[in-house]
Amino acid sequence: MSGNNHPGDASAEIDVVLVTGLSGAGRGTAAKVLEDLGWYVADNLPPQLITWMVDFGLAAGSRITQLAVVMDVRSRGFTGDLDSVRRELATRNIIPRVVFMEASDDMLVRRYEQNRRSHPLQGEQTLAEGIAAERRMLAPVRATADLIIDTSALSVPGLRESIERAFGGDASATTSVTVESFGFKYGLPMDADIVMDVRFLPNPHWVDELRSLTGQHSAVRDYVLGQPGAAEFLRTYRRLLSLVVDGYRREGKRYMTVAIGCTGGKHRSVAIAEALMGLLQSDLQLSVRVLHRDLGRE
C-alpha cells in the first residue's frame with residue numbers, strides 16, 4: 001500500500017512488496033517479473049536496511065514509487081525480522097504486501113536435484129529434512145501473507161501471469177479471484193482459500209464417448225451442467241462466494257483462490273470451474289481467471 005505523511009514530503013508515496021517463501025519455489029523468478037513491470041527490486045536486502053530504502057523512496061526527488069524486496073530465510077531470526085519490518089513501515093503509514101512462494105515437497109526436491117544444489121537449511125540433514133525445517137519455520141509468515149503462489153504445477157509464463165495480474169497495475173479497486181480445477185487423486189492445491197468437491201455429479205469418465213474428452217469440450221460441459229442440481233449448485237455457490245468476497249474486501253484482502261475438485265481433474269471440476277468463472281465475471285469489481293491444475297496429467 002502507499003504511504004504518506006512522511007516528514008520530508010507529505011505527498012510522497014511508495015508501494016512496498018515483500019517477496020518471501022520456500023527456497024526453490026520461485027522467489028527469484030517473481031522478482032524478475034516485478035522488475036520487468038517497473039518495480040525497483042532489492043534482492044536479499046538486510047532487514048535493517050529495508051526501512052532505509054523506503055525512506056529513500058519517500059524522499060523528495062526520488063523516482064522509486066514501487067519497491068519489491070526479496071527476503072531470504074537464511075537470515076537469522078527471519079520471522080522476527082519480517083515482523084519488525086512491518087512494524088517500522090507501519091510508523092510511516094505503509095502496509096507492505098507479502099507474497100509467499102511455495103511448492104510441494106516433491107517438486108522442491110526435484111528442482112534441487114536437477115540443479116545439484118543443497119538446501120540452505122540442509123546442513124547435515126537430508127534434502128527432504130531441510131525442506132521440512134524451512135516449511136515449519138515459515139508457517140507463521142505464510143499464515144499472514146497477502147498472496148500465496150504455489151508454483152508446483154505452474155510454468156514460468158504462468159507465474160508471470162500471476163504476478164502481472166497482482167502487481168501490473170492498480171489492483172486496489174478489484175479483488176482477483178483464481179478458480180482452480182484439480183483432481184483429488186493428485187492432492188489438494190496448497191494455495192487454495194476455499195475448496196469445493198463436485199464429485200457428487202455423475203462422472204463423464206464412465207460415458208464411453210466422453211471419456212477421452214475434457215471439461216473444456218462442449219459435449220462434456222453440456223453433460224455435466226445438464227445434471228440435476230448442477231445449475232442450482234452454481235447459483236448457490238455464486239451467492240456464497242459473493243458473501244466471502246465482500247468479507248475479503250472489508251478485511252483488505254485482494255486475492256482469493258477457489259479450488260474445484262473432482263476425481264482426476266479432467267471432466268467435472270474443469271466444466272464447473274469454467275462455468276463458475278463465467279458467473280463471477282459478471283461482477284465488475286472482480287478480476288477472474290481459471291486455472292486447470294491437473295488437466296492433461298491422465
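Placement of Cβ uses the backbone N, Cα and C atoms for every residue, glycine included.
Swiss-Prot has this to say about the protein:
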BINDING   Gly21, Leu22, Ser23, Gly24, Ala25, Gly26, Arg27, Gly28  ATP binding site
BINDING   Asp72, Val73, Arg74, Ser75  GTP binding site
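Everything Swiss-Prot records as a feature, shown here on the structure.
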residue	record	DSSP (3 states)
Gly21	ATP binding site	strand
Gly26	ATP binding site	coil
Asp72	GTP binding site	coil
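In this structure, the C-alpha atom of Ala25 (ATP binding site) lies 12 angstrom from that of Asp72 (GTP binding site). Around the Cβ of Arg27 (ATP binding site), 24 further Cβ atoms fall within 10 Å across all displayed protein chains. Between the CA atoms of Arg27 (ATP binding site) and Asp72 (GTP binding site) there is a gap of 9 Å, rounded to the nearest whole number. Between the binding-site residues Gly21, Gly28, the minimum number of other C-beta atoms within 10 Å of a residue's C-beta occurs at Gly28. When the binding-site residues Leu22, Ser23, Gly26 are screened for a Cα within 10 A of the Cα of Asp72 (GTP binding site), the ones that qualify are Leu22, Ser23. Listed in chain order, the extra residues whose Cβ falls within 8 Å of the Cβ center of the ATP site residues Gly21, Leu22, Ser23, Gly24, Ala25, Gly26, Arg27, Gly28 are Met101, Glu102, Ala103, Thr151.
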